[in-house]
Amino acid sequence: MAGLPRLVLLLSGKRKSGKDFVAEELQSRLGPDVCAILQLSGPLKEQYAKEHGLDFQRLLDASDYKETYRQDMIRWGEEKRNTDPGFFCRIVVESVTQPVWVVSDTRRLSDVEWFQDVYGAAVQLVRVVATEETRKRRNWVFVVGVDDAESECGLDQGVTFDWVITNDGDELSLDSQLEKLLHFIYSKL
């Protein structure tokens, strides 16, 4: 690990809730020298692509290509996590030097527990929510084996979120919520 962060924001939420959008908004307001966006799915997808002869870059975007492999990637990732719950977490933090880390795709209790065990009080849990109607406008369709799997539902209960960001397309509301979170972030720097 390159250095200890001042703050680790673990973003979670359903598919098409806007987790990546919120992460990018935070980074754009804080600056890339202060805020790093980390994706647990990055090392998962990279290793999965290597082992299965797939295009890693295409697995990173929001394409049909990724959706084709999503269920098998979930299964494969679960096998890795069952063997070593911190496997992907350790990889993603290896060379990060910024004081604020935004993990944009926290999906499992084991991820939350790993970050809390390693970084303690620096960790804040942030839930990004959007109505089903909003998610459908963003091209979300319920997929059996994906939307009812641990990767989507693992943090629906048993976790107390420090922040809940509602991202239903109301820019003023979102901006107000992000400003409150940014005020907190600045207080930790």
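Heads up, the Cβ atoms here are built off N, Cα and C, so glycines get one too.
Some features that TrEMBL has for this protein:
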- Lys14, Arg15, Lys16, Ser17, Gly18, Lys19, Asp20, Arg138, Gln177: ATP binding site (BINDING)
- Asn167: substrate binding site (BINDING)
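Locations of recorded TrEMBL features on the structure.
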| residue | record | CB count, 10 Å |
| --- | --- | --- |
| Lys14 | ATP binding site | 19 |
| Lys16 | ATP binding site | 18 |
| Gly18 | ATP binding site | 24 |
| Asp20 | ATP binding site | 17 |
| Asn167 | substrate binding site | 24 |
| Gln177 | ATP binding site | 18 |
Euclidean distance between Cα atoms of Asn167 (substrate binding site) and Gly18 (ATP binding site), Å: 7
Pairwise Cα distance for Asp20 (ATP binding site)/Asn167 (substrate binding site) [Å, integer]: 11
Distance, Asn167 (substrate binding site) to Lys14 (ATP binding site) (CA atoms, angstrom): 11
